[in-house]
Amino acid sequence: MDALISPLLNGSAQGALLLLAALGLSLTFGQMGVINMAHGEFLMIGAFTAYLVQQVIGSSDLSIPVALPVAFVVAGLFGLLLEVSIIRWMYHRPLDTLLVTVGVGLILQQAALQIFPSQGVPVEKPGWLNGQVTVFGYDWPLRQVFTILLATVCVAALSVWLKSTAFGRRIRATVQNRDLAEVTGISTRTVDRLTFFVGSGLAGIAGVAASLIGGTNSQMGTQYIIPAFLVVAAGGIGQLKGTVVAAWAVGVVLSYFAYWTTGSLAQVLAFILVIVFLQLRPQGLFTVRTRSLV
Amino acid sequence: MTKLRPRLSLFGIGAFALLLLGVAPLLLTDHWLGNLGKYCCWAMAAVGIGLAWGRGGMLVMGQGVFFALGAYSMAMHLTLETAGDGVPGFMVLYDPLAPLPAFWEPFRSAAFTLLAIVLLPVIVAGLLGYALFKRRVKGAYFAILTQALAVALATLISSTIRETGGDTGLSDFKYFFGFVLDDPANRKLVYLITAALLVVCLLVVRQLYRSRFGELLVATRDAEERVRFLGYDPANVKLVAFVGAALMASIGGAMFVPIVGIITPAEIGAAASILMIAGVAFGGRASLFGPALGAMAVGWGQSSLGSTWPDGWTYIIGALFIVVILFLPNGLSSVLARFTAARRSPGEQPAAATATLQLEEAKS
């Protein structure tokens with residue numbers, strides 16, 4: 001029983017972390033078509049923000065709840081800066097955006113390496129995350145439950161924001177038909193900036209969650225960026241529910257593979273599985289039917 | 001970036017060959033000749049990237065995979081040649097009685113190794129490319145998938161210490177197909193082979209660019225649907241370019257091993273694959289010499305600045321990506337083209353500038 005349950009629960013938490021990392025991407029990549037390879041570094045910025053907030057506040061019980069909104073704003077501002085300075089010139093060159101943001105990511109990594117100790121910094125877990133809950137005889141660590149809750153809240157907030165607020169409507173209108181949206185009086189530039197701010201901010205939140213689970217160092221972004229992109233692609237572009245399902249599936253599959261084989265082999269297998277899946281369904285899990293040729 | 005001028009490009013390759021094969025061995029010390037050989041290996045991979053990305057529009061972010069196929073094939077053969085009849089030293093380290101893994105066994109044969117260096121990348125790239133291009137996977141998806149493969153392969157090699165040497169990689173080769181690698185004369189020979197192979201790659205690419213295939217490839221890059229409606233299958237055109245690029249990366253990887261003397265997952269992973277692209281973008285992705293020269297420049301920076309000032313080097317590479325892609329999508333070669341165009345016909349719109357615009361338009 002334990003052999004079945006523990007990878008499932010561990011994997012769900014892993015999937016939730018992946019979902020947090022992919023959520024911002026599904027917004028910037030899925031809605032705006034911008035491939036931001038520096039997204040992993042925004043996640044890293046979030047994690048370091050959690051560390052800095054902890055240095056200021058001291059009590060780890062309090063610092064994590066404070067760090068979440070702070071990391072959202074800090075990473076979001078970095079994203080805004082990137083959009084305003086570079087990405088806005090490149091909307092018509094998606095492939096080149098990818099390479100430019102690779103450069104941005106390299107610079108951010110190196111900056112983090114020089115500002116913070118190279119072996120990384122410790123982010124203390126708050127006391128209220130130390131316990132476990134027992135599920136089917138398996139002691140499930142509370143911080144995994146916390147990650148899942150956090151991901152759920154973020155997904156819910158994002159989908160409400162996109163579906164029910166005036167701003168969400170403007171984003172969707174801009175995505176569907178930029179020119180027409182502009183004609184109806186929507187400032188598409190503002191929409192672009194704010195979408196990018198929110199997308200990058202979500203990476204910051206993911207960073208706080210990641211800092212509670214793994215190490216916080218300058219290289220941490222690189223391990224999330226490719227899986228997160230694969231999750232967005234497998235879920236279907238611009239499809240929030242697809243991203244959720246794909247992230248959970250990848251997390252659980254990865255966890256079972258890791259249970260049966262080794263961690264690194266599991267990663268390889270999961271990569272191959274996603275590639276094979278995209279072979280069968282290049283449009284991803286859920287897709288909007290279009291008449292476009294591609 | 002319009003058409004290659006046939007005689008000029010051939011003359012250029014000739015001059016390049018003369019520099020690499022004639023002048024460099026006379027002027028450079030053994031140490032720098034080895035370094036130049038290393039840059040030639042990266043340049044070969046870069047020429048392939050220029051073919052696939054610059055001319056074919058496929059951003060190949062995982063050329064490290066094919067580099068690795070060549071490099072590890074060669075490294076396994078050289079390791080076995082050094083070990084003689086026995087089992088390689090690093091394997092004995094973990095388990096004195098370990099038998100040689102089955103996939104190592106055929107690499108004892110020199111002929112099989114040479115065949116593997118050529119055929120493995122062709123098979124892998126052929127299967128992968130066929131599957132992806134027929135399903136019309138392109139653009140960013142293609143780029144991310146290739147990068148994912150590089151990550152996966154590097155992870156796989158790191159984790160299989162007993163079979164592949166893991167993060168420490170394969171090293172300490174004593175012989176290269178019977179030649180003692182310590183001998184400076186033999187090292188020069190290895191360099192000459194590498195430089196000659198690079199020249200051959202350039203010749204092949206020049207011929208491809210001048211052929212109808214080259215025109216079809218550019219057409220596929222700029223307007224894939226139109227090519228399809230004209231009755232060609234763009235998937236086949238892209239497949240040939242992708243396989244060609246993989247083959248060049250593999251040969252570069254294979255020569256990298258005897259020249260540098262070590263191959264590790266770090267040389268083939270995501271970061272290394274991106275560094276290969278940096279040179280191509282810098283030199284000029286769609287030009288003939290741009291990728292090779294750009295890769296050599298980046299390689300030189302990597303081994304000089306990268307070791308004396310590693311922090312600054314990372315910033316430089318990052319800034320290189322941003323500045324070049326943002327302001328010079330066609331790299332340094334477009335600056336040159338603009339300059340010569342301006343000199344030839346002052347007052348007219350420089351040819352390179354319009355070419356840049358066309359490239360941008362095509363991507364939107």
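Using the three backbone atoms N, Cα and C, a Cβ is placed for every residue, glycine included.
As recorded in TrEMBL, the features of this protein are as follows:
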TRANSMEM  B:36-53  transmembrane segment
TRANSMEM  B:60-80  transmembrane segment
TRANSMEM  B:111-133  transmembrane segment
TRANSMEM  B:139-157  transmembrane segment
TRANSMEM  B:189-209  transmembrane segment
TRANSMEM  B:239-263  transmembrane segment
TRANSMEM  B:275-300  transmembrane segment
TRANSMEM  B:312-337  transmembrane segment
Long-range neighbours of the transmembrane segment (B:111-133), counting only residues six or more past its ends (CB under 8 A): 65-66, 69-70, 73-74, 76-77, 142, 145, 149, 234-236, 238-239, 242-243, 245-247, 249-251, 254
Leading stretch by Cβ pairs under 8 Å, where the reference is the transmembrane segment (B:60-80) and the options are B:36-53, B:139-157, B:239-263, B:312-337: B:239-263
Interface-richest range of B:139-157, B:275-300, B:312-337 toward the transmembrane segment (B:189-209), CB pairs under 8 Å: B:275-300
Leading contact stretch, B:36-53, B:139-157, B:275-300, B:312-337 vs the transmembrane segment (B:239-263) - CB distance under 8 Å: B:36-53
Per Cβ pairs under 8 Å, the stretch of B:139-157, B:275-300, B:312-337 packing most closely against the transmembrane segment (B:36-53): B:275-300
